[in-house]
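Have a look at the structure below before the remarks.
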Amino acid sequence: MSDGRVNADQQEEGEQQQNLVKAPVKRSLGLLIATYGCLFVGSIASSLLAKYYFVHGGSSRWVSTWVQSAGFPLLLGLIYFPYFVFKTTKRRPFTRFTHRHLLFSVVIGLILGFNNFLFSWGTSYLPVSTSSLLLSTQLIFTLILSVIIVKQKVTFSNLNCVVLLTLSSVLLALGSSQDKPAGLTKTKYFIGFLSTIGAGLLFALYLPVTERVYRSVYCYAMVMEMQLVMEFSATVFATIGMAFDGGFKEMVKEANQVFTKGPTVYWTVAIFANVVTWQLCFAATSGMVYLTSGITGGICMTALLAMNVIGGVVVYGDAFGGVKIVSTVLCIWGFSSYVYGIYVKMKKDEKNEKEEEEKGHSGMKTVEDGGEMEVEMGKVKDDVAAADERV
């Protein structure tokens with residue numbers, strides 16, 4: 001009788017742990033969808049607003065760099081509200097946040113700050129559509145660095161996607177000589193071109209490095225905590241640059257004398273809205289890397305570049321000739337092939353899981369040893385731990 005009760009208790013415990021596996025996975029899927037939604041809005045809006053600043057009289061690249069990271073205090077709400085206000089978690093903010101996490105966050109943040117500076121140079125000289133497509137060159141380097149740093153497996157779907165998106169940028173480069181805005185010299189256009197490529201390369205390094213660092217992170221809230229430190233470090237970098245270049249005085253002068261839409265629009269749209277949308281974009285990027293991988297995060301961002309191209313054409317009247325049409329089609333084609341590859345893999349995994357469930361009841365086995373029954377919960381525990389780490 002006692003053995004029967006033990007077996008019943010063990011089976012009940014196994015069912016409870018199986019339930020624990022399913023719930024976090026569902027929450028992670030919802031979190032992934034919400035994260036990509038934020039990335040969608042943040043990426044498109046921030047690119048258009050960054051150009052809006054320069055189109056209407058803004059000229060300081062340090063100001064443009066500063067607004068990309070200065071919204072880091074907004075992350076405090078995501079970090080502290082769930083614990084102190086909504087009571088949705090028992091984990092206190094910055095629990096298990098080690099000196100190692102702090103050091104990596106500071107270093108990555110400084111790299112991100114320089115990346116923002118290069119992006120500002122590129123945006124100041126190039127049309128939104130051109131700079132957006134150029135940034136897709138980071139994908140091939142992201143894939144290479146992901147293979148080296150995080151041992152990313154090269155598959156047909158991700159390799160095909162990288163090749164197509166890189167080809168779209170090459171086509172754009174070949175036809176770039178006819179895409180210069182009126183009054184822009186070849187030298188400045190070349191500087192903007194190289195600055196945008198440099199920003200893409202640094203971002204290619206950022207994605208796999210953060211993916212590797214996030215392997216020591218056990219919850220989404222901790223990702224936001226590291227993101228807070230990164231953005232703070234990037235803001236310090238930009239603030240020092242602004243202080244030496246007179247950027248803060250230039251902001252006041254631009255608002256009152258230079259910006260064509262007036263001081264109210266300058267502070268609310270060109271500055272504040274830029275700060276919010278950039279923070280939304282970068283926070284969502286970190287979330288995507290944590291929930292998926294560096295290469296997937298890069299591909300998802302690159303897929304939005306096609307929307308940025310269309311946005312630049314609609315909002316600013318950027319030229320949209322044959323080269324950009326082909327580049328955009330290749331961009332969409334590459335991303336679609338990658339999504340299809342993920343879909344096929346998911347279907348294959350689901351089929352394998354069903355076969356395993358039919359054979360071994362979700363991987364739970366019973367072993368008879370000396371008349372006693374033991375329940376092997378190794379696989380279930382691993383799944384629970386993996387799911388908990390993503391919540």
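Counting begins at 1 with the first residue displayed.
Every residue gets a Cβ built from N, Cα and C, even glycine.
Whatever TrEMBL says is automated annotation, not expert-curated.
Copied over from TrEMBL:
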type     : residues : note
COMPBIAS : 350-361  : compositional bias 'Basic and acidic residues'
REGION   : 350-375  : region 'Disordered'
TRANSMEM : 29-54    : transmembrane segment
TRANSMEM : 66-86    : transmembrane segment
TRANSMEM : 102-121  : transmembrane segment
TRANSMEM : 133-150  : transmembrane segment
TRANSMEM : 157-177  : transmembrane segment
TRANSMEM : 189-207  : transmembrane segment
TRANSMEM : 219-244  : transmembrane segment
TRANSMEM : 264-283  : transmembrane segment
TRANSMEM : 295-317  : transmembrane segment
TRANSMEM : 323-344  : transmembrane segment
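The transmembrane segment (66-86) shares more Cβ pairs under 8 Å with 219-244 than with any other stretch in the list 29-54, 133-150, 189-207, 219-244. For the compositional bias 'Basic and acidic residues' (350-361), the DSSP counts in helix, strand and coil order read 11 helix, 0 strand, 1 coil. When Cβ-Cβ distances under 8 Å to the transmembrane segment (102-121) are tallied for each of 29-54, 219-244, 264-283, 295-317, 323-344, the top count falls to 219-244. Take the transmembrane segment (323-344) and the stretches 189-207, 219-244, 264-283, 295-317: counting Cβ pairs under 8 Å, 295-317 has the most.
As a quick check, the transmembrane segment (189-207) and the transmembrane segment (264-283) miss the bar of 3 or more Cβ pairs under 8 A, pairs 6 or more apart, so the two do not touch.
Within its own chain, the transmembrane segment (29-54) has Cβ neighbours under 8 Å at 63-64, 67-68, 119-120, 123-124, 127-128, 131-132, 220, 269-270, 273-274, 277-285, 287-288, 291-292, 300-301, 304, 307-308, 311-312, 315-316, counting only residues six or more beyond its boundaries.
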